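Engineer: A single structure is presented below for examination.
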Amino acid sequence: MSENREIDATDRRDKTFDKEKLRPHVYSSVAGGMRSTSGDTKAVLLFSLLFALLSYIDAFLYVLGDMVMMNTQMPSSILFIKSVLVLPMTFFFIVIVQKGLRYLSQPRMLEVILIISSVFFLLFGFVIWPYCKRLQPDFFWSRDIFSDGKMKTRHLDFFFPIFLVFSEWASTMLYLVAELWGSLIISFMFFSRAIHQCTEAQVKKFLPTISLISAVVFLSSGLLTKSLNSRRDALPYHEKERLFSQVFIVTSALTVMSAITSFFTDRALAKDDPRHKGKKEHKVRKIGFAGSLKMMQKSRFLRAMTESVVAASVCSNIFEAIYRGGIVLGAVQSSTSKSSYMNRLNAMAQIITSIFLLVMFFKPATHLIERRGWFPVAITAPIVAIITLVLFFPMVFFNNITEGDLIASGEEYVGSFVLENYTGMFLTTIIRISKYCFFDVAKEAASIRVSPVHRHSFRGIHDGLGINIGKTIGSVYCTLVTVVFDVRDVRNVVSVSTVFVGVFCVIWIRSILHINKKYKESIERNDFINVELAEG
C-alpha cells in the first residue's frame, strides 16, 4: 500500500512538471522527504535574511531621507516629489528592469541593481553630500527670491517648495532613492523574485515570518536612530558631517551584503532543486486602464474594493502631510535642530510600529476574523482615521490660528506644537499599523473568496490601480490646495482638508459595508463571493 501511495504521488508530481514543461524528478520517500524539508527550511532562512537586510536599509533610508529634507527643504517639497517625480521615476525603473530581464534572470537583475545602489551610496556619502554646496546653487538663491513676502504679493508664494526641490537637488535625490527602495526594490523585485523561485510550501512558511522580521528591523532601526541622534547632537558641525558620511559607508556595505546573500540564495536553491535553474515565463492577460474602469462599472463588489483602497491611501497620505507640516514649528519651540527633531519622532514611530507588529505576530488578525468576523477587523482602520480626524485636526486648526502668538510668546505656550507633533506621530503610526495589520488582512480575506477566474484581475485592479490612484489623489490634492489658497503648506488649510478627508472616510466605510454583505453571503452559501459581473 505504501509503495502504491509513493507511485501515485510520483505520478502526480510528474504530471505537474510535464504541465509546466519542467523535467520530472523521482525521489525516494525517505531521502526525498528529508531533502524537501531541509530545502524548504534553507529557502525560508535565506529569503528571510535577504528580506531583513533589504528592510533594514529601507528603514534607515526613510530616516535619512526625512532628515535631509527637513534640514534643507520643507514638508511641502515632499508632496511635490511624491506627486510629480516619484511616478515617472517608478515607470522609468520598471521599464529598465523589464528590458534587463531579457538578458538577465531575476536574481542577477536584483544583484546588479543592488551593486549600483551600493556605489551610489558611497558617492553620495563621500562626494555629493560633502561637496553639495559647490555642486548646487547658492543656499540663499531660492530663499532670497521668496523672502520678505516678495512672491506673496504676486500670489506666487506656493512655488517656494518647488524651487527648493530643484535647487537642493542632492537631498531630493536621496529622498527619491529612499521613496523608491521600499516600493520597487522590496515590493516589486524581491517579492516577485521570491514568488517566482519558491515553491508554494516555501511561500507559506516564509510569509508568516515577514511580520516578525519587520518588527525586529523597526525596533533595531528605531533604537539605533535614537542612539545616533543623541550622539550626533553632542558633536560639532564637521563631526556631524563625518558621521553622516560614515552612515552611508555602512548602508553601502549592507547593500553589498544583500547582493551577496541574493547570489548565494539563488545558488543554494538551484543546488537543492535543479528546477530552479530554468526561468518560467507565464503569460498573464493584462487589463488596461479603460478595461479596469469597464470591469468596475459591471461589478459593484470590485468597485467597493477599489474605493476602499483608494480612500485608505488618500486618508493616510493627507494625515501624514498635515502631521509633517508642523514639525518645523515644533523644532523651533523645543529649541532643537529640525533634523534632530525629525529623527527623534521617526525613531519613536519605528519603536511603536515594532511593538504592534510583534503583538500581531502572536495574535494575527486572521484569527480575529475567524473569531469575531470580517467586519470588526475591516472597520478598525477607518475608525482610527475618524478618531484622528476628530482629535488631531482641531489641534492643528487651533495652532494655525494662534501660530504667531505661539512662536512669539516663548515659554508660556511652549509645548503646543510639540504636543501636536507627538500626537500626530502617534496617530499616523496607528493609522499605518491598522491599515496594514487589519484592513489589508481583511481585504486579502475577501479577495481569497473571489473565484480564481476573476481573483488575479481583481487584485491587479483594486491593489495595483487603487493604491496608485489613492496616492496620486492625496499628493495632487495637497499640491493643488497650496496653489489655490496661495500657501506654502497644506497644514494652513486644515479646515478644507477636514471636509475632504471626511468624505473619503464615508466612502471607505460605505465600501466596507458592501464588501461585508457579500462576504457574509459567501460564508452562508459556502461558495465564492458573487462579484456581480452580470449586473449593471
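Any Cβ shown, glycine's included, is placed from N, Cα and C.
Remember, it's a predicted structure, so these values are computed and weren't measured experimentally.
Residues or ranges marked as transmembrane segment in Swiss-Prot: 44-64, 77-97, 109-129, 172-194, 205-225, 244-264, 309-329, 349-369, 378-398, 465-485, 493-513. According to Swiss-Prot, the feature N-linked glycosylation site maps to Asn400, Asn421, an assignment based on sequence analysis.
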Engineer: When each of 109-129, 172-194, 465-485, 493-513 is checked against the transmembrane segment (77-97) for Cβ pairs under 8 Å, which one has the most?
Structural biologist: 172-194
Engineer: Go through the chain and flag residues at least 6 beyond the ends of the transmembrane segment (109-129) whose CB is under 8 A from any CB in it; none is fine as an answer.
Structural biologist: 97, 100-101, 135, 170, 173-174, 177, 185, 189-190, 193, 241, 244-249, 251-253, 255-256, 258-259, 262-263
Engineer: By Cβ count within 10 Å, point out the most packed of the glycosylation sites listed: Asn400, Asn421.
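Structural biologist: When each Cβ's neighbours within 10 Å are tallied, Asn421 tops the list.
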Engineer: Looking at the transmembrane segment (205-225) and the transmembrane segment (349-369), are there 3+ C-beta pairs under 8 A, with each pair at least 6 apart in sequence?
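Structural biologist: Stretch pair touches.
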Engineer: Out of 44-64, 244-264, 349-369, 378-398, which stretch has the largest tally of CB pairs under 8 angstroms to the transmembrane segment (309-329)?
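Structural biologist: That would be 378-398.
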Engineer: Calculate the distance in Å between the alpha carbons (Cα) of Asn400 (N-linked glycosylation site) and Asn421 (N-linked glycosylation site), and round it to a whole number.
Structural biologist: 13
Engineer: Under 8 angstroms, Cβ to Cβ: which one of 244-264, 378-398, 465-485 has the largest number of such pairs with the transmembrane segment (493-513)?
Structural biologist: 378-398
Engineer: Go through the chain and flag residues at least 6 beyond the ends of the transmembrane segment (44-64) whose CB is under 8 A from any CB in it; none is fine as an answer.
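Structural biologist: Same-chain contacts beyond the ends: 174, 177-178, 181-182, 185-186, 190, 194, 198, 202, 205-206, 209-210, 213-214, 216-218, 220-221, 224-225, 247, 251, 254-255, 257-258, 261-262, 264-265, 268-269, 343, 346-347, 350.
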Engineer: State the non-local partners of the transmembrane segment (378-398) in its own chain: residues 6+ outside its ends, Cβ under 8 Å from one of its Cβ atoms.
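Structural biologist: Tertiary neighbours of the transmembrane segment (378-398) are 311-312, 315-316, 319, 322-323, 326, 419-420, 423-424, 427-428, 430-431, 434-435, 438-439, 442-443, 446, 491, 494-495, 497-498, 501-502, 505, 508-509, 512, 515-516.
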Engineer: Checking distant contacts: for the transmembrane segment (465-485), what same-chain residues at least six beyond its ends satisfy Cβ-Cβ under 8 A?
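Structural biologist: Residues 76, 79-80, 82-84, 87, 158, 161, 289, 292, 305-307, 309-318, 321, 492-493, 496-497, 500.
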